[in-house]
């Protein structure tokens, strides 16, 4: 690793941003923080600008003037850009080498797709880019010779366990000589693994966001509690590794030590192990194909008391079943599922519905919303139109329960 990479961290104020910037701060000889973006936590974004002095920063359109004023008062000469247009501009900037796509939800799709079309090196934490626009995204990566490296611990683990030829070209996974039989995504089971469905019905927001192993944002923590997070990761894995959903298994592994596995035709299982710390996959992707110090606590094998593997209960965790069904149906269904889930999770976080209502609302949305299937050449406007329709319909479903 000789050249300094210029990094744009989109979603810098979230948990992925925290972990990424901790690594970048410790490796100034390798990385230059060229651009940052944030949405809600602008005080934190200002502090990050003071720490890293990026050349550009993205904020909501309505906040551009005020944020520029605050930067000026702090003695910082940083260009401020606003809204989706600003994020796309940062992602496609000729000075940007690597885009860390860490914006949560559908809001991260346009800038991530733009980065792919600009041939950038993309470190992907935004699941929705593949859940909503999987084949479109993969086609853009290949057509424009971009590089796509997964930051999710599970997908990063699988990536590390695959032969180099498949890492370079996911269609190589079908070659018999590589012998890939199945992929195994591990799941923690979330905070309600040992509780009944009835207990889940009574769960508070505070209980749902208290993940047993990982430190994450509220939305992804709720998704972990319902196992929708694993459902979205299943869809993401299908696109990343060019496999149908029936070639990807999900297993609950409460200790979160094995981050995922690849099963080979000779009976071998290759697994990636590590402490449950997002800095490990982020450091891998930042430095790939080299390795750097992530700053994470090394795994102490002597402290491990045992590793468990449990089959998911698809009645209790219906969101996982819905994700498989949506993947079988097509991209239009995965867009609907993702949009419905975002609205339902928001309603739960606002104490409008129960945790277990999320799966019911998601299933209703899938059953009730009728749209045409998308082709592989669908554009972003078609994708966002289905997303918008699904959100509007789901808002009505939530209103019936409030």
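Placement of Cβ uses the backbone N, Cα and C atoms for every residue, glycine included.
As the structure is a computational prediction, the values presented were derived from the model and not from experiment.
Here's what Swiss-Prot has on this protein:
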BINDING   13, 14, 15, 16, 126, 128, 217  NADPH binding site
BINDING   127, 153, 154, 188, 211, 224, 229, 230, 233  1-deoxy-D-xylulose 5-phosphate binding site
BINDING   152, 154, 233  Mn(2+) binding site
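Taking CA atoms as the reference points, residue 128 (NADPH binding site) and residue 154 (1-deoxy-D-xylulose 5-phosphate binding site) are 16 Å apart. Over all protein chains present, the Cβ of residue 233 (1-deoxy-D-xylulose 5-phosphate binding site) has 29 other Cβ atoms lying within 10 Å. With a 10 A radius on its CB, residue 126 (NADPH binding site) counts 28 other CB atoms from all the protein chains.
Within 8 Å of the centroid defined by the CB atoms of 152, 154, 233, the record's Mn(2+) site, lie the Cβ atoms of 127, 150, 153, 155, 156, 185, 229, 230, 236, 237, 260, excluding the listed residues themselves. Residue 128 (NADPH binding site) carries a helical DSSP state (H, G or I). Counting only the Cα atoms, the space from residue 211 (1-deoxy-D-xylulose 5-phosphate binding site) to residue 126 (NADPH binding site) is about 19 angstrom.
Cβ packing within 10 Å was compared across the binding-site residues 15, 229, and the lowest neighbour count falls to 15.
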